[in-house]
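S.K.: Checked TrEMBL, it gives:
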- 4-113: domain 'Epoxide hydrolase N-terminal' (DOMAIN)
- ASP169: active site, nucleophile (ACT_SITE)
- TYR294: active site, proton donor (ACT_SITE)
- HIS351: active site, proton acceptor (ACT_SITE)
Amino acid sequence: MSETPFNIAIPDEKLALLHRKLELTTLPDELKDSGWEYGVPLTAVRRLVERWKDGFDWRKQEAQINSELPQFTRDIQIDGHGSLNIHYVHKKSAVASAIPLLFVHGWPGSFLEARKLAPPIDNGGPSILQRSIWSHLVFPATDFLKDPVPKGLIWITLGYDQYVTQGGDLGFPITCRIAKLYGGKHVKVWHTNMPIGAPPETGTAPALTAKEEERLAKNAAFFKHGTGYLRQQMTQPQTLGYSLADSPAGLLAWIYEKMVNWSDDYPWSDDEVLTWFSIYWFSRAGPTASLRVYFEGENRNFEAIFAVSHPTPTIPLGISRFVNDTMGFPKSWTRVIGNVVFDREHESGGHFAAYERPQDIADDLRKMFAKDGPVYGAVPGKSGYA
């Protein structure tokens, strides 16, 4: 079946219901001078709730998203899943030899990251064909399946037999898995801005630098103080889901905490974050669906994806490191995850690199695929040059 053009058009009654729920919001108290230590400050949540209720223009944001991102739906057949209706962004380059790129974001990201990443990728050379596929595995604004869907099959269904991938956060294990399953035949290169590494075998790794030791200490602090969400979503996502599905203020606080804490002093505007929250709130499957990928991954796929003992992808891997991401690993540790041909460190940027630092991601991809780059011509017939 061919793709069908799609525009976001939230019914008026859903907007009215959101407004009523925001009017009925009951907020907790907070400890004096607690700041961000206990979570999102009450003043921030109150301000955003008031703006979401009175002043935020969803119709304006909806129109801008529809004008910037060409969206489609399509029914596809997946073995074991029957017919699936997928929603995706399909942004085509004017360059015939543009390189097909599958972009996979993480949580609590959204397809809105494509709004920032697509322009710098489209402008300049080599031209890279931006693709942001809304999949049942990773994108919260679509119907969500219990079982992971083979992303390579979805991509081939859209007509791209050979392509490259880019991902951070959950996009890393997902694109790693794609590279393992489809590397060489379909996936030619993969790139990540959040490489998860592991110590090499004893005696084979160089001594860590002071900077790398500091980065590992920062990792430990994040695991101790910043991963409560991870254990909850990996073990009991449904329990949390009732609150997020019923309370827009609860959803706001749950996501906003990560947007602020995980970014590198990015100047989030109120309308910017409210658009982000609204995508989760109005998604077809509801915000709870976005949590279940952690449970599925914990119980089925994460171990196989991260285990160094499993065969690593052999296709070329590019890495972009951002200094204030939630996690970072020594270069010697990330060499074990694949055939690294490009590795660049950026002195600014956080967890949402495609949104915070889209030009850096685009520049790194362009360097990789340039005529003097390490993966020029990796996709046959798709050099990226006119």
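Glycine residues also receive a Cβ, built from the backbone N, Cα and C atoms like all the rest.
Unlike curated entries, TrEMBL annotations are predicted automatically.
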S.K.: Can you work out the mean pLDDT of the predicted model over the domain 'Epoxide hydrolase N-terminal' (4-113)?
M.R.: 91
S.K.: According to DSSP, which kind of secondary structure is HIS351 (active site, proton acceptor) found in, if we only use helix, strand and coil?
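M.R.: Once the DSSP labels are grouped into three classes, HIS351 (active site, proton acceptor) ends up as coil.
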S.K.: How does the domain 'Epoxide hydrolase N-terminal' (4-113) divide up by DSSP, counting helix, then strand, then coil residues?
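M.R.: Once the DSSP states are binned, the domain 'Epoxide hydrolase N-terminal' (4-113) shows 36 helix, 26 strand, 48 coil.
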S.K.: Where's the emptiest Cβ shell within 10 Å among the active-site residues ASP169, TYR294, HIS351?
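M.R.: Sparsest of the active-site residues ASP169, TYR294, HIS351 by Cβ contacts within 10 Å: TYR294.
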S.K.: Can you tell me how far the Cα of TYR294 (active site, proton donor) sits from the Cα of HIS351 (active site, proton acceptor), in Å?
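M.R.: Their Cα atoms are separated by 18 Å.
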